[in-house]
Structures are given as C-alpha cells and as structure tokens.
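As written in TrEMBL, here are the features:
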type	residues	note
TRANSMEM	12-35	transmembrane segment
TRANSMEM	47-68	transmembrane segment
TRANSMEM	74-98	transmembrane segment
TRANSMEM	126-150	transmembrane segment
TRANSMEM	156-173	transmembrane segment
TRANSMEM	185-202	transmembrane segment
TRANSMEM	214-233	transmembrane segment
Amino acid sequence: MEFINTNDILNLLTLTGLEIILGIDNVIFIALLVEPLPAYLRKKVRIYGLSIALVLRIIMLFGATWMIGLTKPLFEIFSIEIAYKNILLFAGGLFLVIKSSLELKSMIGGEEDHQKTDNNISKSKLWYVIYQIIFIDIVLSFDSIITAVGMSPGNLMVIIVAVIIAMIVMLVFSSQVGEFIYKHPTIKVLGLAFIVLVGIFLISESIEMHIARGYLYCSLFFAGVIEAINILISKKHKV
C-alpha cells in the first residue's frame with residue numbers, strides 16, 4: 001500500500017508555501033506584540049501563543065465542515081450577505097487598526113520606553129498578550145485553512161503537516177524579526193503601518209470589498225527596501 005505519492009508531496013510543498021506566505025503579516029504582528037515585554041519573556045510568550053494557536057488550527061481543520069458553514073449568510077445589510085466569517089474578519093480587522101494606532105500614538109508620546117523598563121509583568125498581562133496572538137492567528141488563518149481544505153480535499157494529514165511546518169517557520173522567524181525590530185525603531189513604525197493596512201484589508205473583506213493580498217505584500221516589500229537603504233546610509237554616516 002502506497003501511503004505517500006508524488007501528488008501528496010506536491011500538495012504538501014504548495015500548502016506549506018501558501019501558509020508561510022499568508023503568515024507574513026502574522027509574524028510581523030507577533031514580533032510587535034511581544035516587543036514591549038522584557039527580553040527574557042518574549043520567546044516564552046511567542047512559544048506559548050503559537051503552540052496554542054497551532055492546536056486550535058488543527059482542531060479547526062478537523063472541523064473544516066463546520067468552518068465552511070461559517071461562510072453561510074445569516075442576514076443582509078445593504079445587499080451585503082453577513083456570515084459569522086464576516087463578523088470575525090471585521091472584529092479582527094478593527095482590533096488590528098485600533099491596536100496598531102494606539103501603539104503608534106504611544107511611540108509619538110514617548111510612553112513605550114517606560115514599558116520596556118518595567119520587568120514586573122503580571123501573569124494576567126502575559127496571558128492577555130498570548131490571547132491576542134491566538135485571536136489574530138485564528139482570524140488571519142481563517143481563509144488559508146479553507147483554501148487548504150479546498151486544494152487538498154480528503155487528505156487532512158497533508159494539510160496538518162503543512163500547517164505544522166509553516167508554524168515552525170513562523171516561530172523561528174518571529175524571533176529574528178522581533179530582534180531586528182527591537183534594534184531598528186523605524187522598522188517598528190513601518191511594521192505598525194503595515195498591520196494597520198492588514199486591518200483595513202480584513203475590514204474590507206468583511207464587507208465584500210475584495211483587495212488582492214499582492215498589493216499589501218508589494219507595498220511592504222517596497223517600503224522595506226527603502227528603509228533598508230536608509231539604515232545602510234545611516235550606518236555609513238556613523239562610520
């Protein structure tokens with residue numbers, strides 16, 4: 001009996017790539033979310049948050065039929081069909097916009113320096129950060145899970161392996177991205193601005209105003225290249 005065939009391997013590679021690409025915004029958000037925490041807690045919070053999120057993703061995959069049911073319309077507003085999915089995307093998008101905007105406001109007001117020097121973080125605050133990681137991971141992974149189920153119907157194990165690999169990659173790179181943001185505050189501003197855009201993207205998706213994700217990633221790439229050039233120029237001037 002042949003357990004793994006060429007088609008399964010191709011599906012695994014495709015789905016893993018898809019999950020990693022769609023997880024870019026998640027990696028940036030997690031890095032920004034744990035950045036105000038003391039250095040010794042960041043890795044622990046990332047691991048806890050992403051581990052719980054991984055378990056929830058696998059549960060969501062087993063409940064794929066239930067998830068697809070969340071896309072069924074409940075009612076209409078101005079000819080827009082509203083389902084549980086729309087409500088979830090709208091809530092997640094609004095959360096990202098508000099959270100990132102408040103963080104930008106605190107940076108302008110100089111409040112973040114006080115947060116970084118406070119090493120007495122309560123357990124409730126730590127779990128609040130972890131809950132945010134889990135919530136946003138579920139919101140941002142909703143469409144990718146439904147897409148994965150559609151691409152590889154009846155082969156749940158391939159999808160689960162792809163999700164696990166993508167989550168491991170996300171965990172590794174969230175640490176590196178976080179350290180880079182910590183060293184370069186201007187990158188944090190860029191990241192927060194990108195998260196605001198992701199929030200607007202989710203809100204637009206919730207009201208059926210579809211925007212191609214490619215525009216988001218292209219804008220991030222272009223702004224990232226410009227900022228990288230600025231960092232290199234500033235380093236040369238310091239030397």
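For all residues, glycine too, the Cβ spot is worked out from N, Cα and C.
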Closest-packing stretch to the transmembrane segment (185-202), where packing means Cβ pairs under 8 Å, from 12-35, 74-98, 126-150, 156-173:
74-98
Using Cβ distances below 8 Å and needing 3 or more such pairs, separated by at least 6 in sequence, tell me whether the transmembrane segment (126-150) contacts the transmembrane segment (214-233).
no
Which one of these stretches, 74-98, 156-173, 214-233, has the most C-beta pairs shorter than 8 Å to the transmembrane segment (12-35)?
156-173
Same-chain residue ranges lying at least 6 outside the transmembrane segment (214-233) that approach it to Cβ under 8 Å:
21, 24-25, 184, 186-187, 190, 193-194, 197-198, 201
